[in-house]
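> Mind having a look at this structure? Questions to follow.
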Amino acid sequence: MDKPMSLSANADGLLRYRDDAPHEEPAVTLDAFLGQTNATAVRIEAGDDARALIPHLGQIALVEISFPSFRDGRGYSAARILREAGYDGELRAQGDVLVDQLLPMRRCGFDSFAPESEIDAATAEASLSRYENFYQKAADGVVPIWKKRHG
Amino acid sequence: MYKYDTYDQQMVDNRVEEFRDQVKRRLAGQITEDQFKPLRLMNGLYLQLHAYMLRVAIPYGTLDSRQMRMLAHIARKYDRDYGHFTTRQNIQFNWIKLEDTPDILAELATVEMHAIQTSGNCIRNISADQYAGAAADEVADPRIWAELLRQWSSFHPEFTYLPRKFKICVIGADEDRAAMRLHDIGIQMVMRDGVLGGRIHVGGGMGRTPMIAPEIRDFVPADDLLSYLEACLRVYNRYGRRDNIYKARIKILVHEIGADEYRRQVEEEFIAVKALGLDPPQAEFERITQMFADPAFVADDGTAVDRSDPDFALWLDQNVKPHKQPGYAIVNISLKPQGGIPGDATSAQIDLMADLGERYSFDELRVTHAQNIVLPHVRQADLYTVWQQLDAAGLAPANLDLISDIIACPGLDYCSLANARSIPLAQKITERFADPARQRDIGELKLKISGCINACGHHHAGHIGILGVDKKGTENFQLSLGGSGAEDVSLGKITGPGFDEDGVVDAVERVTETYLGLREEGERFLDTYRRVGMAPFKEAIYG
C-alpha cells in the first residue's frame, strides 16, 4: 500500500486518500443508475450486486458503498470486485465505519471514508501504518510477503 | 516444524502493538464495549461468566517444547496454574485479566505464537490431522497446506467480517482423524495422476443445525488452492445470511441454495479470481515443505518392546499407534484421568509434556481435537521411560478412544452461552466406568458432551452424544447415538426424552450393556448400532 497520505478530513468528516477534488454529484441508487445512463455517482447498498456496475465503470467517478453495521462485511467484497474489474474512480465507505476497519477497507480498494461517527485522525494514521507487510495480494497494490520472499 | 521468518515475526509483533493500543483505548473509555467486542474477539478474548478467557492459537495443533513451556508459564503467571486444550486444537486460559492480555500476547510472540483469529466472524485457526508427518497412511503432509492457509487467512482484508465464524480443516490421509467433513471447509489432500491437490468439501458443521459437508470439487490442483478457497469464501461473504445469527454459517447457505448452485457460483467466481495471481509460486510451497521434512530418524535396531510391565503393556496397546518409520511410534497422552476435567492440564504437566517432547519426540508435540496431546515421533526403545514419566505425573490413563476419553466443552462452569454443566457429567461418567477392564471390554466408544446447542463438545459426532439443555430452569440432558466424526462420518440421532444428570449416566450404562449383549465378533459400538438401529437401545433405556 502507498504510505497513507495525510488524512484530508473535510468539514463533513470525510477522509480521502485521493488527490483529485471530491465528486460533487449526489450518488443515486443502483436501480436508479441502471435505469438512467448519465449518472456518474452510485450508491451500493450492502445487499446489491456490485457486478451490475461493471459494464458502466468508465462513466462512474464515485461509488459509495454502504456499511449499515461494521459487522456487515459484504462491502469488502463489493469493493474488491469493482477494483478487480478495473474501476479507478473514488470508492467510498459510508456508514458504520470505525477506525479499526480502515486498514482492511483500504486493502480492499476503498480510498475514501464517510464515517457516521467522527474518526480521530491520529488514531487512524497509527492504525493504517502499523503493519508493514501483508500475506495476501489484495486490491491495494501491496506486494505480498510470498512475493518478497521469492522475488 | 514451521519456523517464523522476519515477516512472520513482524506480523505478530505488530499485532501485539495493535491490540495493546485497542485495550488502552477501551480502558480509557474511548471505545465502547460494543465496539471493543469484535476487536478483542478477533484476538481470542472472550468475556465469560467469571472472567475473561483467552484462547491461544496452536496452528494445526502443532507446537514445540519452547512453545509448550510458554503455555505453562502463562498458566502459572496469569491464570490459576492450568490450561484447557480445546476441540479446535487450541488452548484456553479461563481466568485472565483484560489489562494483562497485551503482555500475555507479547510473551507469546517471543515463541512465535499468537491469539490471532481464534474467535470472531473470521477464518479461525486451521485444524489438521494430529498424526501429520507420522502416520503410515498419509498421502501428503497436511501441515504444509495448513500453514499456507494460516498465512493466507491471517488478516485477510475481505474476510474479516464474514456472516459468521469460519473453520477450515486439512487432512492428508483416507482415515479422518480430524472430523474434516464437519468443518465449514474440509480439505483432503490427494494425488491425482502424479499431481497433488485437494478434495474440497464445503458446508459442514455442528451447532444447532449439524450438517456433513458435501463435496464441492473432487480435485483442485495445489497451485489453485488459495484462489479456489478465495472464491468459496467470497460467495459466502456476499450471500451468506446475515439476518439471523443462527442461520449465518455457510452450511445454511449451501443447504438453502443447494450444493450444485453453490458450486456453480464458486466456479464462476473462481474464473474471475484465478486471473488475479493470488496463489504463491512453487518456491513458496517448497520453502514451507522443507520445514516439515522428516526429523533425523535413526535406523530400527529391531529390538522388540519389553511388555513385561502389565500396566505399561495396557497403555502401549491402547494409546500408542504405529508410525510410518520402523522403530518409532506415535504416543497419545490422554488428558482424561478418572474424575478429571477433559482437556485440562496443570502447568507442571504441560512442562513435563514439553520436556518429553523435546527429549523423545524431536521437539514436537500435537494437540488433538479430542483434547489430548500427541508425541508424534517416539523411538520404540524410549516408550517405557516415556510411559513411566507420564504415569508419575498422572498423564498415562490407558483410555484412548474408550468411553472415558470424553470430549466435553467447558459448559456452565465457565461459558456464558451454556445451559448445563458438561464437566461434572463427564466426571460422573468416568467414575461410573472406572474399571479399566470394563472400558476395554466395551472397546472404542467416543462419548462427547456439549453444554448447549452450539455443540462445542461435538455431541452430534459422538458414538454416544450428550447435549445439555435448559428445561424450565433445570439442567436436562438429551442422549443421541450413532454419530461419527471419522471417515465414516454421520450425525447422531436423539434417543427420546432427556434425563437429569444421574439419569443420563444410567442411560449411557444401559446403552453399553445393550451393545455388549448384541454385538457380533469384531463390532465396535458404532457398528452394532448401525446394524441393529435405535430400537433395542431405546427399549433398554425407556422400556
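Just so you know, glycine gets a Cβ as well, placed from its N, Cα and C.
Note that TrEMBL annotation is computational and uncurated.
TrEMBL lists these features:
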| type | residues | note |
| --- | --- | --- |
| DOMAIN | B:52-109 | domain 'Nitrite/Sulfite reductase ferredoxin-like' |
| DOMAIN | B:119-270 | domain 'Nitrite/sulphite reductase 4Fe-4S' |
| DOMAIN | B:341-392 | domain 'Nitrite/Sulfite reductase ferredoxin-like' |
| DOMAIN | B:404-541 | domain 'Nitrite/sulphite reductase 4Fe-4S' |
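For each feature listed, report its degree of burial, its nearest neighbours and the pertinent distances within the displayed model.
For the domain 'Nitrite/sulphite reductase 4Fe-4S' (B:404-541), the mean pLDDT of the prediction comes to 96.
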> Which residue counts does DSSP give the domain 'Nitrite/sulphite reductase 4Fe-4S' (B:404-541) for helix, strand and coil?
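Per-class counts: 56 helix, 27 strand, 55 coil.
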> I'd like the per-state residue tally for the domain 'Nitrite/Sulfite reductase ferredoxin-like' (B:341-392) from DSSP, helix first, then strand, then coil.
27 helix, 13 strand, 12 coil
> When each of B:52-109, B:119-270, B:341-392 is checked against the domain 'Nitrite/sulphite reductase 4Fe-4S' (B:404-541) for Cβ pairs under 8 Å, which one has the most?
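Answer is B:119-270, with the largest number of Cβ pairs below 8 Å.
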